[in-house]
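Annotation source TrEMBL lists signal peptide at 1-19. What TrEMBL records for 286-325, 343-403, 429-485 is region 'Disordered'. Sequence annotations record features per position, and here TrEMBL assigns compositional bias 'Gly residues' to 290-321, 348-366, 382-403, 438-447, 456-465.
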């Protein structure tokens, strides 16, 4: 289950070492950017290709996703077969987005491809597109993506020339400089007016190509895009302020906001669903519990007069509950805090052990044979009934899952605003409950003696069979340990407070 952060209002002062004096498109469009992992089979060799990573972005209506086609091709430009695409929203660890099967469409001539997402309730934010204002030589743009398939970032690029002399790229491509890497392929290049103007294709190779990359202007593939997606152009969207507040809203799987940090990288508030924060007051998610053991089958009646009942089968053992997941580290950096911020980065609770299966009941003994009446005397008695079957043994309960460890929380504020409230929780996840043993199978009924003779009317010496015995008891599953509490650090204006498990500040 995804976990979320609930915010009131926070003011942030984001800092991007490689994006000074640029609009903060990185966080403005975090709900429109996808991290892609593509696998497939080379049709020439029949062998799987190494996984590739790239970037995609939502455009228009209907959850359409635009990216680069070479992610789905061999080095010889043949389409891969048996393609599998994993898409995650806003982060390489973000919410996984479902894609409609067979929705991949590739341009016949240019390096552009389109997919369609299929995630009900997804609140994606399509990026604004402008076909009518292409980039010109000397223009600066901002490329969004996942360099080297890792952290989401924005990079300044400058158009140096129109592509003319580098093989592997169309003449319509533009040459840009900038710190782009594998993983940026398929991502958007946004003009400083705020609209997507091109698709990142990749790095150029050859003499004099170091540090140069190619982008494909969107207007080149405009007819193809409009055939597939319903597009409303936005050629002059409102640019975001350098610092803007996050408005409080109900806890959901998506959030609007500015910059937060997870681990060693800056991310947007939207990405905390992937970074491990959860809403205070909502019960912790629990790891999957073990399945209960299957019950034993009852024993059958003995085959033949006076035969003993068949034993019941043993109950199956309950499965162990899964261990709770350990929460990742969360780091929040902000200029100040206005209102309430609650971050619960506790470990996941362990799963409960499954209950053992009940033993099967023993089968009943068969009736004894009827007595045979003698012609001269009446000494022939009825047959003895069969013994009842033994009950099946009870299944043992599954072991409990251990609780996950809490993740460390660090919050760094430049200053404290009177009236603000901060509650940081990093408790270890609770251990699951061990599974109980099943019930042993009951004894089978004893078989009755056979019928008495009919001619003389005298009973013989037959008797009922013995009852069966109950099955052996099972054992309860083993217990488990809770997760460990984590360190919580609060830094305000350089003054540091530390605690373990929980820290509150008002």
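Just so it is clear, glycine is given a Cβ too, placed from its N, Cα and C backbone atoms.
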Contact ranking winner - 290-321, 382-403, 438-447 against the compositional bias 'Gly residues' (348-366), Cβ under 8 Å: 290-321
Residues of the compositional bias 'Gly residues' (438-447) by DSSP state, where helix covers H, G and I: 0 helix, 0 strand, 10 coil
DSSP-derived helix, strand and coil totals, residue by residue, for the compositional bias 'Gly residues' (348-366): 0 helix, 1 strand, 18 coil
Residues in the compositional bias 'Gly residues' (290-321) grouped by DSSP into helix, strand and remaining coil: 0 helix, 0 strand, 32 coil
